Amino acid sequence: MSESIYDSNIGYHPAEPIEVPPLYFWPPKPLKILHWMFKGLLFPWGYLFIMMSFLSWYYLTPNMKKMSVFEFSWIAQIWFRNAALLVLVAGGLHWWLYIRRSQNKSYKYNSKWLATGRKRFLWNSQVKDNMFWSIFSGCTFWTFYEAVTHWLYASGYVKQIEWSESPVYLTLIMMGVFFWSTFHFYLNHRLLHWKPLYELAHEVHHRNVNTGPWSGISMHPLEHVIYFSVFVLWWFVPVHPVIILLTGIYQGISPSVSHSGFDKIEISSKKSITAGDQFHHLHHKYFEVNYGNTPTPMDKLFGTWHDGTPEAHKEIKVRLRPEQY
């Protein structure tokens, strides 16, 4: 296995090419699929988001009777819970990686720190700009969709499925959240790269070429309307509220990790955990590649898959717009 590269003028670059997950191998390789599912896909962040979803349902969410009637009080409670969880994860990562700089630039994709004194950002600060869009717009639309979804279940318009009656169904749906989210993201992301929508909305997110934890859901309100429409599936497919919560937490908080700007987080001198998403980092860097995520490799189907290698870069340059490179 070749060693990863760090160039002080560019940043960290994993040496191994980004591959399609074993789930899509043919002929199937069951052991590799299981290893990828339970370690590659879920460890550690997926398990954390699942745990947060259960804890949020049992301790941080209004009861169903209360949510059967739209009231500002319980919707506000959900907003504050979502904002607190976002601050906990995005703020925690930002403090650890960018304020404390606990590992300096080790595993950092971009050799530069986050921007200050740049007019393209609100208050000339990338961090303040990102926090504003994430908290005041992102958490609001996340909460809106979540509240409507809870209300539909609490009012009896959609049947709530209990774990005691359908544990296998709900477990499969829970795993499916990770695939539905990434498939939905590919579709809405391609839409947002349509020039009128890009200039109106998506440009706000793409200001962040060098991303940080607060860049994850730093988006224009119109993009948040599209992005958080991922909840709509549960208006037609009955689930348990924990699935609804996982959908919001994964959609709202996982981008803080994938946009962290660091491929790994060092937890000791010899151990590290995965963090940033090189696949999506390449999208922020090159714009017209990697519109989706690796769990649902739509880019492979449509010729926009960049695996991070020089060979892939040359091929992409030929097929896409040379002026972008």
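Glycine too: its Cβ is placed from the backbone N, Cα and C atoms.
Where the annotation comes from TrEMBL, it is an automatic prediction and has not been curated.
Listed in TrEMBL for this protein:
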DOMAIN    176-304  domain 'Fatty acid hydroxylase'
TRANSMEM  41-59  transmembrane segment
TRANSMEM  79-99  transmembrane segment
TRANSMEM  130-148  transmembrane segment
TRANSMEM  168-187  transmembrane segment
TRANSMEM  225-250  transmembrane segment
Query = Taking a Cβ cut-off under 8 Å, which residues six or more beyond the ends of the transmembrane segment (130-148) line up next to it in the same chain?
reply = 67, 70, 74-75, 78-79, 82-83, 86-87, 90, 121-122, 204, 208, 212, 214-221, 224-225, 227-232, 244-245, 248, 251-252
Remark   = Reduced to three DSSP states, the domain 'Fatty acid hydroxylase' (176-304) has 79 helix, 9 strand, 41 coil
